[in-house]
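Novice: Below: one structure in structure tokens.
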Amino acid sequence: MLTTTFARKREESVPLRKGIQRALLGLSCLVLSTTSFAAGGEWRTHGYDDAGTRYSPLAQITPDNAKELGLVWSYDLESSRGVEATPIVVDGVMYVTAPWSVVHALDVRSGKRLWTYDPEVPREKGKNACCDVVNRGVAVHEGKVFVGSLDGRLVAIDARTGKRVWERNTLIDDDKPYTITGAPRVIKGKVVIGNGGAEFGVRGYITAYDPTAASRPGVVPGPGDPSLPFEDASMEAAAKTWDPAGQVLGSGRRRHGVELDGLYRKAGFCCTSAPATPSPWSHRKRSPAGGDNLYTASIVALRPDTGEYVWHYQQTPADNWDYTSTQDLILADIELGGKPRKVILHAPKNGFFFVIDRTDGKFISAQNFVPVNWATGYDENGRPIENPEGAWPGHLSMRFPAPSARTNWHSMSYSPQTGLAYFPAQNIPLVLQEDKNWSYNQAQPGQAMAGIGWNLGMLVNPRPPASQPFGRLIAWDPVQQKEVWRKEHVSPWNGGTLVTAGNVVFQGTADARLLAFDARDGKELWSAPMGTGVIAAPVTYEVDGKQYVSIAVGWGGVYGNFTRASERRTPGTVYTFALGGKAEMPAFTEYQLNNLVSGVDYNPDDVAEGTGLYVTNCVFCHGVPGVDKGGGIPNLGYSTAETIAHLDQFVFKGPFMPRGMPDFTGKLTPEQVEKIKAFILGTADAVRPKK
């Protein structure tokens with residue numbers, strides 16, 4: 001049994017076990033098997049190769065001929081929510097996932113459907129997904145396709161027939177709001193999967209399974225027994241970085257999210273981009289006496305056979321701002337100081353680009369790639385030099401970057417030819433302030449999304465942000481730690497990147513385009529319209545001697561749920577291009593443009609209380625009425641008068657529950673719904689242009 005957990009005396013163990021283990025939940029642990037190394041003509045694993053570079057050796061498409069790219073085929077994913085999947089291409093078949101963890105198998109030559117598999121995720125589980133009902137893809141191994149379902153199952157599907165071979169519930173507690181949105185990885189004969197849910201206060205871990213029989217070799221960390229000693233030294237060391245006084249909050253414990261995204265490369269261990277979000281976000285709330293709170297916001301290396309801890313590097317000690325480390329890790333061999341070094345390249349949400357020695361986890365360098373104000377840099381020991389003006393409690397904090405900003409989950413690529421990393425960067429403005437009234441799972445008006453289980457310990461935007469949003473593509477030199485070129489986009493929330501040996505970088509954008517750039521200087525080479533905004537990354541592969549580029553498109557994700565940069569809202573689609581492609585683009589559909597809601601009576605005295613209720617239950621899905629435009633989910637300020645007049649019919653066992661809308665029966669009263677209506681209508685009146 002593969003277990004790396006912490007167990008110690010009961011009076012100390014329970015909070016830490018459920019806290020630090022949770023830290024491993026947000027763990028972006030991308031684990032890749034050397035046996036699944038992608039042949040040049042295929043895209044067999046999530047990051048293309050066992051180093052996660054998203055660099056293809058295909059070179060048929062070049063800066064000179066990229067303008068000749070044309071559509072070859074498109075495929076309708078029959079979905080209306082966010083599409084974050086990286087397609088996998090093996091033996092002439094593309095496997096791609098849609099929202100709600102639905103798997104599609106396509107003939108890569110024609111784009112025709114071979115089969116689909118729907119794990120039939122109960123739609124009430126949608127409320128447990130902080131950031132949309134997305135899925136980032138599958139793993140393919142020895143005739144099976146593996147997918148993690150949103151409700152926490154790992155499913156093995158026959159790659160030829162699309163029939164389920166086996167499934168396993170990966171959750172250690174079915175009563176907790178866990179989700180899986182990440183792609184599984186296959187490493188050394190094991191299927192490995194992580195999970196998410198940090199905002200909801202769930203405990204993180206990674207599980208490994210035998211792909212042939214669905215047996216589970218182990219859990220990291222394992223559930224453990226609080227009456228026993230710590231199970232290894234790493235958990236005992238982590239326990240010392242948490243304040244026991246802050247570990248039990250109300251009826252709950254400190255929580256941390258994890259999502260699988262580590263890398264294995266003949267080094268004997270898996271490098272795990274680890275624990276994402278500590279919960280609550282407020283460090284003072286979860287650990288009043290301080291402490292670094294290992295292993296949150298860290299890169300952790302584990303033995304792939306046993307899950308044994310090897311080393312860690314914490315990028316944001318005592319994380320106060322949701323600076324997850326779940327972004328892509330890339331393994332590279334570069335020359336530093338005249339010597340070859342085996343390194344990890346990483347650009348997480350805290351706004352710094354890191355170069356870490358992957359053999360021992362030692363810090364090499366870090367440099368901010370966008371403006372930051374939470375820290376002025378990193379010292380020689382790899383600790384951030386923090387800005388004391390951000391100290392809590394009470395301060396309004398206009399943090400740069402904000403929690404959704406600088407980078408997010410969107411994929412990075414690295415070219416050994418140019419020596420550059422290519423990644424989307426952004427600013428999504430946010431103001432945070434410690435919430436003095438916060439208690440675990442005790443939702444109060446004004447606490448963002450606490451009504452559906454979020455535990456932030458922070459007030460979100462107690463006053464409007466001052467900075468402006470932006471989105472850009474950055475080409476970064478990890479040796480010199482400097483930007484080489486950038487491309488400004490019209491909005492944040494752009495897709496991940498692909499780079500090829502032909503010196504071409506591909507990226508999709510929030511304003512519904514697929515772009516090609518010269519990898520050397522950033523010159524735009526080609527553009528194709530997409531049916532809606534793009535958040536996923538493209539892939540490339542070769543069929544019958546011809547290079548193709550494919551991308552799965554569908555607007556959504558947490559930011560894309562409530563706003564948009566394109567007026568197109570075509571259902572989720574896979575688009576495939578090649579030189580000389582002559583197929584016609586499918587017809588695009590557009591958002592229906594409605595006027596601000598009016599003509600419904602409300603009591604202006606209810607607006608203030610309705611504001612807090614709306615923030616607590618609605619804001620991160622529907623946005624601010626009449627201010628945000630609406631994205632994957634409609635903005636209620638542009639609803640019809642009939643909809644708002646009968647809002648209770650949508651809130652209580654409403655018609656959109658089959659699409660994932662929560663049922664607020666027993667959580668809101670009819671009187672509270674009236675006050676939410678007043679806020680929607682009052683805000684619409686406030687922003688309506690004066691005649």
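Cβ from N, Cα, C; glycine included.
Remember, predicted model here, so these are calculated numbers, not experimental data.
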Novice: Just to be sure I read the record right: Cys618, Cys621, His622 are listed as binding heme c in Swiss-Prot. Which of Met458, Met530, Met661 is listed for the same site?
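Specialist: Swiss-Prot names Met661 for this heme c site.
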Novice: Arg136, Thr181, Gly197, Ala198, Lys349, Asn408, Trp409, Val558 show up in Swiss-Prot as binding pyrroloquinoline quinone; which entry in Glu78, Glu84, Glu308, Glu609 does that record put in the same site?
Specialist: Glu84
Novice: In sequence order, which same-chain residues at least six apart have a C-beta under 8 angstroms from Asn408 (pyrroloquinoline quinone binding site)?
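Specialist: The list for Asn408 (pyrroloquinoline quinone binding site) reads Gln327, Lys349, Gln426, Trp493, given in order along the sequence.
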Novice: Starting from the Cα of Glu199 (Ca(2+) binding site), work out which of the recorded positions (Glu84, Cys130, Val558, Cys618, His622, Met661) are within 10 Å.
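Specialist: Candidates kept after distance check: Cys130.
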Novice: Please tell me which one of the recorded positions listed here (Cys130, Cys131, Asp322, Met661) sits closest to Glu84 (pyrroloquinoline quinone binding site), measuring Cα to Cα?
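Specialist: That would be Cys131, the closest of Cys130, Cys131, Asp322, Met661 to Glu84 (pyrroloquinoline quinone binding site).
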Novice: When you rank Thr181, Asp322, Val558, Cys618, His622 by Cα distance to Cys130 (disulfide bond), which of the binding-site residues ends up on top as the closest?
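Specialist: For Cys130 (disulfide bond), the spatially nearest of the binding-site residues is Val558.
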Novice: Are any of Cys131, Thr181, Ala198, Asp322, Val558 (the recorded positions) within 10 Å of Cys621 (heme c binding site) when you go C-alpha to C-alpha, and if so which?
Specialist: Cys131, Val558
Novice: Using the residues the record lists for heme c (Cys618, Cys621, His622, Met661), what whole-number Å value is the largest Cα to Cα distance?
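Specialist: Max Cα-Cα spread across the heme c binders: 11 Å.
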Novice: Counting distance between Cα atoms, which of the recorded positions Cys131, Asp322, Cys618, Met661 is nearest Val558 (pyrroloquinoline quinone binding site)?
Specialist: Cys131
Novice: Please name the residue among the binding-site residues Ala198, Val558 whose C-beta has the most neighbouring C-beta atoms within 10 angstroms.
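Specialist: Buried the deepest by this measure is Ala198.
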